[in-house]
Every structure is written in structure tokens, then in C-alpha cells.
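Undergrad: Before I ask anything, let me first share the structure, which is written out below as C-alpha cells.
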Amino acid sequence: MIKCDKCNHDAIIYQRYSGMHLCETHFKEDLLRRIKRTIRKHGMIKSGDKIAVALSGGKDSFLLLNVLYEIVSVRRDVELFVISVDEGIEGYRDRLLTRASSFLKELGLFYRVGSFREEIGRTLDEIVSMGFKETPCSFCGVFRKRILNRLAREHGATKVATGHNLDDEAQSILMNYLKGDIERLARLMPLRPIEGFIPRIKPLREIPEREITLYGLLEDLPTTVMECPYASRAFRSDIREVLNILEDRHPGISYSIIRGFEKIRPLLPDRLEEEEIWRCETCGEPSSGRICKACMLKDRFLR
Ligand SMILES: [Zn+2]
Ligand SMILES: [Zn+2]
């Protein structure tokens, strides 16, 4: 059995990008240290912050919650609460959220769940059964974002924390490069806040997905490996495959992708000149046109 590089216990993981073998204790310690370093490096948490943790019920969101809970429990100047979105996907999100809510009760955190049913009058299952040509993810993303932002704002949050990990982030950066979508690329890391839109933080953006999976197994988190039944995301899954091959042959490539993006980001405008931020005439939320995308979609679903 290979030993840990920091003590003489058995190693449970080999980090190819760092060349280290780590035991359970040192793996967890290293993981938490790196998340805290990301938070510090990007100034993600400031005195007076009230952070809304977006909990999907997946392993990433529980790790995120554990870390933030630990940080906040020793700081009196930062508050934490939890928000979730129930899209109305039977047998999937309902199960994840039931487990999440008993876990949260133990932590004693304020918890609010917003739903597609309340927000748009239809569940995602119902919308899918209406047979639109777009993928469910393209509707779902718009409303999830909308609901999280509204819940966070209504309860006085100054930041929304999401569980995006290194793989998610490297995939998003690469996808936008390849599509030449510079506006979306810039939006992954906005430089200035947009009025009415609560800034996002991604404390896990430097943690590889496989390490989060391992942490979830070791900590026995109340989650499963269920995948959303509507997950298709054709382009993203191709990118994931390509990145996995690259990472295998060139360990650390995902880190290079996000480091490179961090260097390029200050050179990109926050948004292109002509794209002003409006208030949606129907719902009053920030929008890139007179009527926001959520209201346009909603109109189709309720017809
Ligand atoms: Zn060790
Ligand atoms: Zn609107």
C-alpha cells in the first residue's frame, strides 16, 4: 500500500497534478485549505456579508455548505442561509431536497425553497410534456437563475454561493472559447455588480470533481449519484470528454484553463457597448432587453 506523503498512513488518493499521495485526514485538510485559499484570493467573503448558499442537494453543494458553515461559525461578521430551487422533476429533485432539509434542520440554518410551480405556474415535468423543440436545460437554467436571485435578494443576501467545481468551470470557459461567445465568457466572472442581480461566488472552482466525489463518500453526505433525468447538454458532455482525455495525458490542464482565463478576464469588457441592462417591463428584474427571457418563456408555457 502506498503511504501518504505527509504522514505514514495509507494513501487514499493520488493527485496527479500535484504529484502527492494523501491519506484521508490529509486529503480532507488539503481540500478545505484550498477552498479557503480560493475564497481569500478572490475576496469572496467580506465583513458584513450575508451569504445565500444555493443547495441543489448534490455532493458539490453539501461540500460548499460544510466549508461555509465552518468559516461562518467562527466569524460574527458574516451570516449564512440556504436556498434551493424545486424545478418539479418527480423522483429526482424532490428526493434530493427531502434529504437536504433534514440535514439543514440539524445545522439550524434558515432555509427557503422556491419552485417552478410558484414562479411560472408549471413544473419542469409539465413544460417538458408540452413538447417544445428546445432542450429542457435551456428553460430550466433561465428560471433556476431567476428564482435563486429573487430568493437571495428577498432575504437580504449580499452574495449567492454556488457549488461549481473545477471541471464545471473549465468546461464553461472552453465552451465559450470554442463558440466564440465572449459575452458569456466575461459573465463567468463579472468585474462590476449589476443592479438587482446578487453577485455569485464559486468557492469550489479550483477543486476537481473527482475529489468532491471522494469527499462525499468519506463524509457520508446525504446525497446520491442520481443524474437529472433531463441531462442532455450535448455540447457540454463532448467538452467534458475532451477535457477528461486532456487531463489524463496532461495533468493540471484544467487549472491552466482557469488560470489563463483569470489573466484574460480583465481585458474583456463586462458587456458589449450596445447591450444595456434594462428592467423587464413585466416583472422588474434585470434584463438584457425590454422584456426578460424568463417572461418571454413564461408567456409561451402559459398559453
Ligand atoms: Zn497523511
Ligand atoms: Zn420579466
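Residue positions begin at 1 at the first shown residue.
Yeah, the Cβs are placed from backbone N, Cα and C, and that goes for glycine too.
Just so you know, TrEMBL annotations are computer predictions that nobody has curated.
Quick paste of what TrEMBL says about this protein:
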type    : residues                                          : note
DOMAIN  : 3-27                                              : domain '2-thiouridine synthetase TtuA-like N-terminal LIM'
BINDING : Cys4, Cys7, Cys23, His26                          : Zn(2+) 1 binding site
DOMAIN  : 50-215                                            : domain 'tRNA(Ile)-lysidine/2-thiocytidine synthase N-terminal'
BINDING : Ala54, Leu55, Ser56, Asp60, Val85, Gly163, Asp168 : ATP binding site
BINDING : Cys280, Cys283, Cys292, Cys295                    : Zn(2+) 2 binding site
Undergrad: Over all shown protein chains, what is the count of other CB atoms within 10 A of the CB belonging to Cys295 (Zn(2+) 2 binding site)?
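TA: That number is 18.
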Undergrad: Select the closest residue to Cys292 (Zn(2+) 2 binding site) from the following binding-site residues, measuring between CA atoms: Cys23, Ala54, Ser56, Asp168.
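TA: That would be Ala54, nearest by Cα distance.
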Undergrad: Within 8 Å of the Cβ centre of Cys4, Cys7, Cys23, His26, which other residues of the chain have their Cβ, at the recorded Zn(2+) 1 site?
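TA: My list of surrounding residues reads Lys3, Asp5, Lys6, Asn8, His9, Ala11, His21, Leu22, Glu24, Thr25, Phe27.
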Undergrad: Counting only other Cβ atoms and using a 10 Å cut-off, which of the binding-site residues Leu55, Val85, Cys283 scores lowest?
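TA: Counting other Cβ atoms within 10 Å of each of the binding-site residues Leu55, Val85, Cys283 gives the minimum at Cys283.
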Undergrad: Across all chains shown, how many C-beta atoms besides its own are within 10 angstroms of the C-beta of His26 (Zn(2+) 1 binding site)?
TA: 19
Undergrad: Sorry to bug you, but what's the C-alpha spacing from Cys283 (Zn(2+) 2 binding site) to Ala54 (ATP binding site), rounded to the closest Å?
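TA: Each residue's Cα considered, Ala54 (ATP binding site) and Cys283 (Zn(2+) 2 binding site) end up 22 Å apart.
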Undergrad: Out of Cys7, His26, Ala54, Gly163, Cys283, which binding-site residues have CB atoms lying under 6 Å from ligand 2?
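TA: Cys283, in sequence order.
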Undergrad: For ligand 1, which among the binding-site residues Cys4, Cys7, Cys23, His26, Asp60, Cys295 have a CB under 6 Å from it?
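TA: Result: Cys4, Cys7, Cys23, His26.
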Undergrad: Looking at the binding-site residues Cys4, His26, Leu55, Gly163, Asp168, whose Cα is closest in space to that of Cys283 (Zn(2+) 2 binding site)?
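TA: Its closest listed neighbour, by Cα, is Leu55.
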Undergrad: How many of the residues that make up the domain '2-thiouridine synthetase TtuA-like N-terminal LIM' (3-27) does DSSP mark as helix, as strand and as coil?
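TA: Per-class counts: 4 helix, 8 strand, 13 coil.
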Undergrad: Counting other Cβ atoms within 10 Å of each residue's Cβ, which of the binding-site residues Cys4, Cys7, Ala54, Cys280, Cys292 comes out lowest?
TA: Cys7
Undergrad: Relative to the Cα of Cys280 (Zn(2+) 2 binding site), which of the binding-site residues Leu55, Ser56, Val85, Gly163 has the closest Cα?
TA: Val85
Undergrad: Give me the CA-CA distance between Leu55 (ATP binding site) and Cys23 (Zn(2+) 1 binding site), in Å, as a whole number.
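TA: Pair distance, Cα basis, whole Å: 28 Å.
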